[in-house]
Structures are given as C-alpha cells and as structure tokens.
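Enquirer: One structure is given below, represented as structure tokens, and several questions about it will come after.
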Ligand SMILES: Nc1nc2c(ncn2[C@@H]2O[C@H](COP(=O)(O)OP(=O)(O)OP(=O)(O)O)[C@@H](O)[C@H]2O)c(=O)[nH]1
Ligand SMILES: [Mg+2]
C-alpha cells in the first residue's frame, strides 16, 4: 500500500509524497468510517496510516479529538485482518499519551498477547506496556512473566524490551521478574539473550557489586550472542572506569580476551573499548591497535569504516598508537568509499608531521565536493586542530577554508568553517586581515542569518582596529541594503563601531546612519537613531559605554526589575545599578567546534543559576529588603566526602549583607535531624544577624538552612573574613526499618570546616569587549598604581592564572592567554564591585627572577580601588 | 461445521452479522457466558476480570455474533457508551446472588436505557440472571422485579436464569435473541 518512493523524488521534495498535504480535520472526518459495519480493512488501514503520519509530523491533537479517534479505532479489533491489527498496535502506541482512557484496550491486547497468533503476540506486548501504568502493571504481571520465558523469540524479546522501558516507571515491580530474565539470558536465540542481558543490567546498574557479580557469571559461562558480548564489554568498561580499576583487573582481562572472539563485531567492540580507556599504556594498547590496523585492510567496508573512525577519534589522545597505522591509513586515502577516505585523511592530518600537511590537503581537495556535509565538518574539525598544532600553516588552511566557504553546503558545515576561520584569526594576529576578507566575501552571499550576524559582529569588533578600516564599510553597508531585518540591524551596530573609533570615517558613517534611520524595520531604525545620537556627541566615554561595551546585566533580571519599576512608579529614574549582573559574561566569540550532533541553534534564553537563587532567596521573608542579589559563589564543601552529614555552602553577596546557604544532607538512616542551623564565628567585624534553620532533615533528603551576616560598614575595605562553622541540631533516633522517629530527641553538634570570604566574593565578572574604551570611560579620577613582586611564581602563565582566580574578575581582550616565548605580558581584567561600580585592572607582568607585577586599578569609586590594592598587597 | 454451513460457505452465502453489547456489573459472569458460547476450540480456561473491553465472536445456526464484552468495574462503566451506537442488541448480565448490589445494577441499567444512543431504538435486551447454581441466588422472577423490568415498554426483553460455569440456561437465551433479531430485520 505504501508506495516505495523514488529516492530522487524524495530529495527534490517534489509532490510524490501522497501524505504531503494532509489536513488533520479532514483525516479525522474520514476516521468516522471506523464506525461503519462491516469494516473495510483496506480503507481503515489507509486512514490509520494518515493519522500516524500526522502524529509523526508533530501535528498537535487535542485531547477530545484524539480520544474520539482512539475509541473509533478500538472498534477495528473486530476485524481479523492482520495488517490492520498491527497498524492498530502502532496507533495505540502513538496515541498512548494524547488520548484519554487508553486502558480500554487492555483486555483486547492481553488476549492477543496470550493468543494463538504469533504475529500478534510480540507487538501486542509492546503496545500493552505503553498504555500500562504502575497501578495497572500488577494486573498484567503474570502475563509478562510468562511472555519473558516464552519459547517464541519475538514474544520473549518484546517482553524483555518492554520490561526495560518499564523499569523507569515501576522499578520495584519489574525487579520481581529477574528470575524469568535470568532464564531468558540462557536462551539460544541471540536477540533474546541480548535483550535479557540488557534488562538484567538495567535492574542492577545502581548496585556495583551486583553488576560485577553478573559480569563475573557471564564472562565465566560464556554467551552465544555476539550482541550480548558487545554489551558485556560496554558494561565492563564502564565499571572499570567507575571503580578506576587498574588494568590488572579481571574485567580488563575479559575485554582483552574478546579481541580473540570469533565474531568481528565483538573484536571491534573490545578494541574500541580499550583505545577509549583513560591512561592505557602503550603495551596494553598494542593488541587493540593491531586489531584496528587489521580491520583497516579488510575487504568489508563496514569494518574499514569502524576502524578508521575509531582511530580518528583517539588520534589526539594516542598519537603514537595511531601513527603505527599510518601506512594502512595512507592506503585508505584513495578508498572508493569517500567516508572512509575522509576519515583516513583527517586522522593523518591530526597525527602527521607538518611536512605532510600540504600533500594531504591537496588530496582531500580533490574530492571534498563529493562527500556529505557531515564529513566535510569532520574535515573542518581536523583543520582546526591542525591550526592549533602548526600555527605557521595557517595560510594554507585559510586558503583551503575560503575555497570550502565558496562551495555549496548546509548550515552546520558553513558554521564549522566560519568558526574555524574565526579561531585562526584569534590565534594568529597576522592572519586577521586575510580572514576578515574571506568572511566579508562570504557574507556577500550568505543565506544563514545566524552566520551573517555573527560575522558582522566580528567585523565591528575587529575591523576598526585594522590598519585599513575603511575597506570593510562597503561590505557592511551592502548588508543594510540587501538583507533581512536581523542582518540589517547587526550591520547598523557594526557600522556604529567604526564611527566610534575611527574619526576620519565618522562623517561618512553618520551619512550612512542617516540612511538607515529611514529603514522599514523598527529595530533597524531604533538602533540607527540611537547610534546616530550617541556618535554626534563625539564623547569617548559615551562611545565606550553605549557602543563598544554593551549591557552587562542579566536579561531576565532586567526584565523583572523593569516590571517591578512599572508596578511601583516613582519620581526617581530607573537605576541600572539595581539590576543583577549577568553571571556568565557574554563570552568573546569562542571557537570550540562542537561535534555536529550536539550543536544547536542558540536556545531560548534560560535563567542562569543566579537568577534561580535570586528567586529562591526572595521567597524567604527574612531576606526581603536586602536589595538585588549581587553574586552567588560556587558551592564550597564544608565536610569530607563520606561523612555522616554532608554540608556545602553557597555564599550569596548583597549590597550590604551576605547570606550563607548551607545545603545539608543527612546520610544516617537511623536519624531525623530537626532545627538544623550552622552557627558561624567571624574572625573580623562581620556581624551575624540571624539564623534561619531547616525545620527537618530526614535521611537522604537534602535541606537548606541560612545565616544572614551584615558586612562591616565602617571599614568597607574589610572584604575578607574567616568563619568557623558548627552545625547544631536536635537528633531524633529512628527505627532504621520503619523510619519511625522516637518521641524524644537530644541536642547535638557537628564541627564543619572553616569558611573563607575573599575579595572575589565582592566582585562580579563583566566582559568589556573593548577594554581600552572602557578604561578611558572610567577615567583616572580614582586611579591607583602599585608594584609587587610575586616571588613564588615561576611563569607568566601561572601568574596570570593566579591573579584571575584570586580577584575573580573577567579577563578581556583574550589577555588571559600568554603568547609563547614572551617575557612580559599585560593582563586586562574587568568586573563590577559590590554596590555596582565598574572596576578595571591593568596588570603589567614581567618575568625576571620571579614575576614582577605593576597593577593599575581604576573605578568610579575609591573604595573598590583600595580593596584591590589592599588585598593584593 | 454443519453441512448447511459448508454449503453456504461454498455458495458464498454468509451468515448475517450482528453486533451485541455484553454489559453488567463486574464479577457478574459476562466473560464466562461469552466464553461458553464460543466454539469449544476457542474457549479459554483462564477467565480474569476484563479491563476495558474485548471483542469475541461466535455463531448460531443463522447468525454470526460479534460481542463487545465490556468491563463491569465501576471506573470503566462510563466507557460503555462509546460503543452504544455499535450494538444491535444487548446482553445484560446480573449476578443473582449479589443482592447487595442489585440496586447498583438497576441504576446502571436505568442509565443505559436513558442514554440518547439507546433510548429510542427498538433493540432487544436479553437478561441473564446468572449464578443460579448458588444457594443464595434469587429467582429470575425476583431479579426482574428488583430491576423493574416490566417498565421496559419499547424494547423486547427476556430474562433467563443461567449457570455460566456449567453453561446451563444460555442456549435458551441465545435462541430468543436470535429470533428477535431475525424478526427485527424482516
Ligand atoms: N458459581 C458461579 N460462578 C460463576 C458463574 N458465572 C461466572 N462465575 C464466576 O464469577 C467470576 C467472575 O466472572 P467473569 O466472567 O470474569 O465476570 P465479568 O462480568 O466478566 O467481570 P468483569 O470482566 O470484571 O466485568 C469468575 O470467577 C467466574 O468463574 C456462575 O454461573 N456460577
Ligand atoms: Mg469480563
């Protein structure tokens, strides 16, 4: 009935799909014929197909209409047409979560699963398990147990796989089927054995001891099914990793012994497991690599592919092992299967010497246009890795990449290239102009809005600082004339940056802005008007604040504050300083090329961790009136890992207070803790205002208590303090079996580790994309400078790392990266000090005996400057 | 298969098909009754409470029955109505030993008879006063009184005492139903 589509038609998307223009309402109308007697199986089948098609296209079915269609479908159980019945099973599964009362088919399905028709039994089990919830499971338990050990393999497999799905929902019930699963695991059928092993593993996977017993049993007794063997290998290597088992473990021996299995599948799985293991020695690796090497010259394409793909993946980790296969890989360069060839070449690129780069690149150019996008991305990734290894090769690569950019290709592919070019530009300043030129050429004809805006942003950031900024203007302005709204808006922002930094370009930029103010789109016009007004002031500070360095506040926070402001209107203008800052600064364009599968378009803005804390704390009455949450620290552990009570602390900083949130877990199943609080003794003039205890802390359910502390007002530079902490609580002993607590309790306490508050807790990271402009904007009213010797530090890298983590500030202009072979470096740090004032640090480092550091600090406020110098000194 | 059936098969004659709803409270014996009516090779030994419904088929000398055996448990009873349009006749089963729930049975019956999909149709209803073998079982006369069957004016009905486990009383009921359906059609 379902026509076999012509592949070509499918690709070109021409109208050969008979379901293409289905209307949900029309299909549901047609579904009325399910109610007619006698049933016409052929027509009903066709309509069910349409319904399933619509569901799979993501069409939304309302509950009422879905339920109606579902009940109409249940009548089709009258018919004994096999195809129709099986289509009903599929429909049931698809509609299980959108129709009401789907349990109506339970008896019909149990009848089919226990009936005489073997073709019905497996699918009926699968459908039945989809509509069964925990409460109904008991009713079918008996049938499930029987089905698991049924002698018909498809029935047994269906029952095992369905049980596996139900483990998530009703672990305790399914656990009672272990004996049946055990019996199925000794089945002669390879699929049944595999599925049984899968179920057994999932029932036990949280119990390491049980898993290891199971492995022990099966590795001794041996299995028939190669699939089951592959699974055992995976389980074993996971267990090895979790237990950090050494390679003298019997598990490793087992995996290694599988290298000699008679099934290639098993051999491959074992080899792959070994090369993926962390810290393998060359000797342990050798047998696995030689297996892969052997597979490289197998006549079976699947084996060659598997081998070379695995080698490709581990090329960076075990270069020497992979180099051993270089000869075989060379042979695969010309493999008729382009996927294999691509992987071989990119593997060689990753491990090969600098001298072979040109040859390999030439080879791959010869067929790059013939391979699929997915593999083109692999090529780009290899190039990216190569550029990091051999920076001198960047011109060859850049050339190659620009050619690739000109070819046809989908979004992922183009994005990978653009990211790679951007990363090359960032790593190699002398490639900047060529790279920007290629990107300019690319956006002249680029259909991907995301990429065009990204490149425009980059041009705005980098272009004005090149020797000849004027040449980019034309490319940018072309966008304003030719593209969609989003791109036009990005182009306007980029133009403004040129006007702000290049005085000689300003007049022409103003003329272009004027033109943009007549744009048909609101956003474009608004931006143009805004920039026009800022630029006309010709003030460096304004340019810095409003053109180069954008907003640093949290967007959800801003939305909330503005909403609050409109609810309580006041004479006072809205103060940006009351808005919480963004916790993770909008990063500079970073270029980690993510694997294709995980890379997605930017998601909807999700609230950050701090936005969530802000909300949680605001709900506690004692913390009202503290103002906006300024910063939340990473959790600090105050107990060792395996103790009776586990406590960690999150430090929340507000304008004049700190709130310490203690997340506590009670790991004793014979105790209920009540009125839990953490008493704090400060070393400095910090004042503990209030404790908010956790009322109950039952076994293994985490709970939080809080301490509210006022910061010393008379000495604002006293930013660091050590607190000794003691947890105090009432213990009520519990019966470990029933969990019933005693009526009486007794007070007890538990000493925790000391908690440090440091300067970093008072500073929030903020990224200034143009540090120089920000520096000028803040001005030198409160500038202070001092020089220090960091005698214990040996390298510039180390010094830079220490300073950043000590001050908790955001490195700008990529100054956290120290170029190789340099003996001086300048680190630029930006942040906001508690209270909302910008704080900038320029630190010149010179390597002599130790490292000497000259620190210059600027802020709009003196305290912040003093705090920094006081804490560094 | 009787000779006539074979002949009819060869000649391409098919028995008239009729859809029947089998309703009644849970545990009244609906599934057991239907099971008895099925040909012996299709019968199951193992009868469990029905969840939802199940479709069963059996034949009599002149008709081919398709029965919707519904679940009688309280929470599924409101699902019966989805199938009312389907039925051309109703078998309503009562556990005649369950005096306590006779009122519940009556209430369900009244709701059924007043349902728009049933109310104005002249469909035959066969009542089985089932489990007559049990000592405390009420007679079929008593059951029909308790259910006020005499008030049913616009539909032909009939009540039989039955023992579904042994199969007694079923044939009489089914014969009546068959006659009713035949006269209904002609
Ligand atoms: N003694 C006796 N027991 C019967 C008779 N008919 C049925 N039973 C028993 O009554 C119980 C319930 O029978 P079912 O056929 O499952 O009842 P049902 O009406 O289908 O119940 P639901 O599917 O839950 O609505 C079973 O244990 C039967 O063996 C009968 O005539 N006499
Ligand atoms: Mg039943």
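Note that Cβ sites are derived from N, Cα and C of the backbone, with glycine treated the same way.
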Enquirer: If I go by TrEMBL, which of B:72, B:74, B:87 binds GTP at the same site as B:24, B:25, B:26, B:27, B:28, B:29, B:30, B:31, B:130, B:131, B:132, B:133?
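Expert: According to TrEMBL, the candidate sharing the GTP site with B:24, B:25, B:26, B:27, B:28, B:29, B:30, B:31, B:130, B:131, B:132, B:133 is B:72.
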Enquirer: Report, as a single number, how many Cβ atoms besides its own are within 10 Å of the Cβ of residue B:26 (GTP binding site).
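Expert: There are 16 of them.
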Enquirer: Taking only the residues the record lists as binding GTP, namely B:24, B:25, B:26, B:27, B:28, B:29, B:30, B:31, B:72, B:130, B:131, B:132, B:133, what is the largest Cα to Cα distance between any two of them, in Å to the nearest whole number?
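Expert: It comes out at 21 Å between the most distant Cα atoms.
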Enquirer: Do any of the binding-site residues B:26, B:31, B:50, B:133 touch ligand 2, in the sense that the CB is under 6 Å from one of its atoms?
Expert: B:31, B:50
Enquirer: If you count Cβ atoms within 10 Å of the Cβ of residue B:31 (Mg(2+) binding site), leaving out that atom itself, what do you get?
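Expert: Result for residue B:31 (Mg(2+) binding site): 25 neighbouring Cβ atoms inside 10 Å.
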Enquirer: Can you tell me whether DSSP puts residue B:24 (GTP binding site) in helix, strand or coil?
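Expert: DSSP assigns residue B:24 (GTP binding site) to strand.
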Enquirer: Against chain A, with Cβ pairs under 8 Å, which of the binding-site residues B:28, B:50, B:131 show up? Give them in sequence order, please.
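Expert: Listed binding-site residues passing the 8 Å Cβ cut to A: B:50.
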Enquirer: How many Å separate the Cα atoms of residue B:28 (GTP binding site) and residue B:50 (Mg(2+) binding site)?
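Expert: Per the Cα atoms, residue B:28 (GTP binding site) and residue B:50 (Mg(2+) binding site) stand 11 Å apart.
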Enquirer: For residue B:24 (GTP binding site), which residues of its chain lie six or more apart in sequence with Cβ-Cβ distance below 8 Å?
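Expert: Counting only residues 6 or more apart in sequence, the Cβ neighbours of residue B:24 (GTP binding site) under 8 Å are B:30, B:72, B:92, B:93, B:94, B:95, B:105, B:108.
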Enquirer: Tell me the Cα distance separating residue B:133 (GTP binding site) from residue B:31 (Mg(2+) binding site), rounded to the nearest angstrom.
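Expert: Answer for this pair: 17 Å between alpha carbons.
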Enquirer: Applying a 10 Å Cβ distance cut-off over all chains shown, what neighbour count does residue B:30 (GTP binding site) have?
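Expert: So the Cβ neighbour count for residue B:30 (GTP binding site) comes to 27.
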